Amino acid sequence: MRSCLSIVLAAGEGTRMKSSLPKVLHKIAGLPLVCHVIKQIELAGASQLAVVVGAGAQDVTHVVQSFIKSVMIFEQKERLGTAHAVLSARLALQKEVDDVLIVFGDTPLIKQDSLLKVREQLAVGADVVVAGFYASDPTGYGRLLEKNGKLIAIVEEKDASDEEKKISFCNGGILALNGKRALSLLEKVNNYNSKQEYYLTDIVSIASREGLEVQVVEVPFDNIVGINNCFELFEADSLWQKRKARDLMLSGVTILKPETVYFSYDTEIEQGVVIEPNVYFGLGVKVQSGAVIHAFSYLEGAVVGIDAQIGPYAHLRPGTELARSVKIGNFCEVKKAKIGEASKINHLSYIGDAEIGAQTNIGAGTITCNYDGFHKYKIVIGDHAFIGSNSALVSPLMIGNGSYIASGSVITEDVPINSMAFGRARQVTKKDYAAKLRVRLSGNQQKK
């Protein structure tokens, strides 16, 4: 297997984002742009990874090192162009590798297939390989100049002639170099251009003049699209969501209106699941086969068991684990709770820091009072228990198997197995008193 050093350029300021957050840390599907790129690079077989940081260097470094442990970080102190940025990783380039793969950290839709296609050309003898795409409107992109079927140069639009601007074959931003020639080619790049910057793209013309083998590989535009502003971020996120929905549907997931469903990068959904419109999947969600996620539900950090029913209008928060055939109904919020098989929380409830057994029913309006302003406390409810409507369960608390809690109760003490607990004031009924009350109240109103 060929060894590969991949260098990710993540030093740009991203001024057009109009944000204090470094551009590469903006997120698509809950994952920073640069991490999307790193993920695909790993899948494409890179054995070494270097990331060049600049604007927001400390924040970018922290995110990257949290995402992947084995990474070299280099800082570009001055913004002198893309070739200068790559040379900031000189120490990595001095190591002996077969391939050097250079990509931009703001291209989150990049796919391993495109990266592998570029690397394949190095494997068969190319010294320089560029990814290119055909654009219906090439405005803003560098143009690929060919002669006799050979790529001879890349010219940036600001430096292109009127004739060159008519070319629709554009630079896709992925560059691969023969590892033995990479450093020497980079050191030959000069800054003789309108911006006096060291362009990475000049490597193509340098290699061509030296008679080296230069190749171009066509890749789909949606694989290499870059992010420069918040609208482009939205467009890229929308495309990512379409890809995810398509992959899920082809794997056997039914999504009734996919354009209204939002997935995170790590969402796992098994075949046979049905997802109704307007559902949000935050980070860390796994949905097992046969489950139904009804409309307007919000899930994050939750595991949904086989054949479970969620919603509509349900909120599953981090730490939620639902066993087989659990039902979480309308306007219910569940947080950091394990719910046993076939248990039901059907209406208007908050269940937090709890463990509930199998085939237990939680009545409408029940809440767990798990926080005293300083600490969170846990409640444990056994199997086959029945919690009546409008009950307040004050943690810490244990309710035994088969126990029954009367509606409207405030329960503050443990309830043994197969017991019944009342925790409410006794009802007082005054017969025929309503008519007297109306007379008294109407008299008070007339005096005013």
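Easy rule for this one: first residue shown is 1, then count along the chain.
Each Cβ is built from the backbone N, Cα and C atoms, and glycine gets one as well.
Look at Swiss-Prot and you will find HIS347 tagged as active site, proton acceptor, backed by sequence analysis. If you draw a 10 Å sphere around the CB of HIS347 (active site, proton acceptor), it holds 15 other CB atoms from the protein chains shown.
DSSP assigns ALA11 (UDP-N-acetyl-alpha-D-glucosamine binding site) to coil in the three-state reduction, outside any helix or strand. The UDP-N-acetyl-alpha-D-glucosamine binding site feature in Swiss-Prot is assigned to 9-12, LYS23, GLN76, 81-82, GLY142, GLU156, ASN171, ASN228, ARG317, LYS335, TYR350, ASN361.
Residue environment of ASN228 (Mg(2+) binding site) contains 16 other Cβ atoms, counted within 10 Å of its Cβ in all protein chains. Among the features that Swiss-Prot reports, Mg(2+) binding site is placed at ASP106, ASN228, with the record citing sequence analysis.
Packing around SER407 (acetyl-CoA binding site) is summarised by its Cβ count: 15 other Cβ atoms lie within 10 angstroms of its Cβ, all protein chains included. Marked as acetyl-CoA binding site by Swiss-Prot: ALA364, ASN370, TYR371, SER389, SER407, ARG424.
According to Swiss-Prot, the feature region 'Pyrophosphorylase' maps to 1-230, an assignment based on sequence analysis.
Marked as region 'Linker' by Swiss-Prot on the basis of sequence analysis: 231-251. Beyond its flanks by at least six residues, the region 'Linker' (231-251) meets 17, 26, 28-29, 108-109, 222, 225, 258, 261-263, 267, 269, 271 of its own chain at Cβ-Cβ distances under 8 Å.
Marked as region 'N-acetyltransferase' by Swiss-Prot on the basis of sequence analysis: 252-448.
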Q: Would you count the other C-beta atoms found within 10 angstroms of the C-beta of LEU9 (UDP-N-acetyl-alpha-D-glucosamine binding site) for me?
A: 27
Q.
Under 8 Å between C-beta atoms and at least six apart in sequence, can you list the same-chain neighbours of ARG317 (UDP-N-acetyl-alpha-D-glucosamine binding site), or say none if there are none?
A. GLU300, GLY301, ALA302, GLU333, VAL334, LYS335, LYS336, GLY352
Q. What binding-site residues among LEU9, LYS23, ALA364, TYR371, ARG424 are found with a C-alpha within 10 angstroms of that of ASP106 (Mg(2+) binding site)?
A. LEU9, LYS23
**Q.** Inter-residue C-alpha distance, ALA364 (acetyl-CoA binding site) and HIS347 (active site, proton acceptor) (nearest angstrom)
**A.** 5
